[in-house]
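Just below is one structure, and these are the notes that go with it.
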Amino acid sequence: MLHRKSHQELFLLARNIVQPLRLSFHKGQAGKVAVFGGCEDYTGAPFFAAHSAALVGADLSHVFCERQAAHVIKSYSPDLMVHPYLYELLNPQVHEFAPKDLWDTVRRRPLNKTVLCLDLDRVIDEHILPTIMRMFDRIDVFVVGPGLGRDPLMLRTLVRVIQEIKVANKPLIFDADSLFLLGLHKELVKGYSKAVLTPNVVEFGRLCSALDIENHDSVETAKKLSANLGGVCVVKKGENEVIVKGQHTLANDMDGSLRRVGGQGDTLTGAIATMLVWAQHYNEGLWTDDGDNASGEVLSAEESVVLACYVACGLVRRASNKAFAKYNRAMQTSDVHEFLGEAYNDLLEKGPLMA
């Protein structure tokens with residue numbers, strides 16, 4: 001059982017699911033990640049998630065964002081592919097899609113009713129979703145929520161995107177504003193076995209309240225949340241990360257940093273995305289062992305998901321620890337990214353990864 005192993009034993013075991021570097025692999029086989037988020041007010045969060053995924057080892061990293069945020073996000077890094085396919089209600093271009101009275105009605109309606117309302121779906125399905133759907137076959141794992149905001153058109157578009165991701169049966173990570181969305185519409189995720197939720201303390205409490213779960217900020221509460229949603233994976237962030245899926249529970253209490261700057265949760269989400277892709281490839285048998293399996297153990301699909309999340313937490317904690325040692329109070333999330341490669345080498349490098 002995973003929970004009986006030490007940190008060292010878990011990272012040794014995790015080397016089984018780390019996708020090796022092979023001359024025979026082609027571009028994209030180490031992971032194609034898509035982050036849905038980013039609006040006029042919040043451009044850093046989707047960047048940190050997508051950039052982290054790339055630094056941990058994904059081959060291709062995409063950001064699907066609000067049209068007016070795209071140029072800003074593009075300017076952060078040439079390594080990311082940025083797609084300006086989402087729209088806020090205040091974007092002047094949306095008035096080309098539908099009569100003004102529809103937008104006026106939507107603005108007056110409470111947000112919780114707008115998210116569940118079908119009024120916007122015709123506009124979304126005809127003018128927004130088709131462009132997004134053309135990209136679906138190119139993506140291995142989806143991250144939804146970083147920097148998305150609370151705009152009703154953005155949130156309803158995300159509902160439709162999530163529905164299509166579930167039809168495609170691909171891994172789906174909920175973070176930030178998508179967790180707010182789940183508080184309004186829990187059926188979006190209930191029973192979807194490939195979902196991972198990454199709530200911080202506030203988001204965790206909000207979800208518990210929405211699901212009528214008494215929140216004791218404990219492992220048992222995380223288990224109840226996971227069970228209530230049909231066995232989805234929950235990564236509860238905090239002083240320690242608690243990872244729960246089915247009968248498997250792990251806690252990561254490795255040393256991190258004392259800084260609580262914005263963006264570190266997005267960095268973790270991106271790291272989880274890459275590790276989830278590799279775990280899926282491991283279970284699909286994308287590569288043969290070639291004698292470099294460190295433990296000889298075979299992991300189930302459920303175990304590999306929990307272990308992937310645990311490893312991602314450890315990578316970000318180690319990188320944060322190194323960044324804090326260098327920058328102390330001046331540490332920013334971009335400084336954490338500086339050390340993600342070193343953290344990987346510290347925890348997972350084993351020699352014959354390259355062949």
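Note: Cβ is positioned from N, Cα and C throughout, glycine not excepted.
Cross-referencing Asp59, Asp79, Asp266, Asp335 with the (6S)-NADPHX binding residues that TrEMBL gives (Gly147, Asn200, Val201, Val202, Glu203, Phe204, Gly205, Arg206) picks out Asp266. Rounded to a whole number, the C-alpha distance linking Glu239 (ATP binding site) with Gly205 ((6S)-NADPHX binding site) is 15 angstrom. Take the Cα of Asp266 ((6S)-NADPHX binding site) and measure to each of the binding-site residues Lys237, Ser257, Arg259: the nearest one is Lys237. Secondary structure at Glu241 (ATP binding site), as computed by DSSP, is strand. Cβ neighbour counts within 10 Å, taken over all protein chains shown, single out Asp266 as the most crowded of the binding-site residues Glu203, Glu239, Glu241, Asp266.
With respect to their backbone Cα atoms, Gly205 ((6S)-NADPHX binding site) and Lys237 (ATP binding site) stand 12 Å from each other. The Cβ of Val201 ((6S)-NADPHX binding site) lies under 8 Å from the Cβ of Asp217, Lys237, Gly238, each of which sits 6+ residues away along the same chain.
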